[in-house]
């Protein structure tokens, strides 16, 4: 049980997918202008990353490895992610049309989010078992969502702040992301992974 807690904390804080591994930067910068959209995107990505990591583990261990075709991993994982994203898009469209409109083009773009493919491939490289794979996917998504919501809240504050003209827009956003990354580096010694 302690190992699973360390995996969760390590993935969310110490090895954060956005600020440490630099995966998922496109939605991090693109959807983080408002907290509502960042939260919605975070929830959708959490669902997709968790489900995709579970499906990827199942496909890898029960199809790719027994048939001795591990070279098809990337292609199979991309297909799995595309199917999971389409399922998520249908669910969000039916359950929350307002969120579906807010997320717009970014919902189908979860398919191309490198963090989703990254979690599936890293699960295989780390030789996680089924429970560890599910927890790793969920933890990576929680870390992604946490950083996106925090970044969106900071960007909302910066939108009304008196920022010097050369730093307005993307410049201050990148500086803020860098400072957040430095802040998360403070968690480095928290967990040995």
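Glycine residues also receive a Cβ, built from the backbone N, Cα and C atoms like all the rest.
Features reported for this protein in Swiss-Prot:
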TRANSMEM  5-25  transmembrane segment
TRANSMEM  39-59  transmembrane segment
TRANSMEM  62-82  transmembrane segment
TRANSMEM  102-122  transmembrane segment
TRANSMEM  134-154  transmembrane segment
TRANSMEM  171-191  transmembrane segment
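Here the transmembrane segment (39-59) has long-range neighbours at 24, 27, 31, 76-77, 80-81, 84-85, 87-88, 92, 96, 99, 102-103, 106-107, 110, 113, 115-116, 119-120, 123-124, 128, 130, 133-134, 136-138, 140-142, 144-146, 148-149, 152, meaning same-chain residues at least 6 beyond its ends whose C-beta is under 8 angstroms from one of its own.
Taking Cβ pairs closer than 8 Å, the transmembrane segment (5-25) reaches residues 45, 113-116, 118-119, 132, 135-136, 138-140, 142-144, 146-148, 177, 180-181, 184-185, 187-188, 190-193 in its own chain, all 6 or more past its ends. Remote same-chain partners of the transmembrane segment (134-154), defined as residues 6 or more beyond its termini with a Cβ less than 8 Å from a stretch Cβ, comprise 4, 7-8, 10-13, 16-19, 24, 27-28, 31-35, 37-39, 41-43, 45-54, 57, 115, 118-120, 122-123, 126, 128, 176-177, 180, 184.
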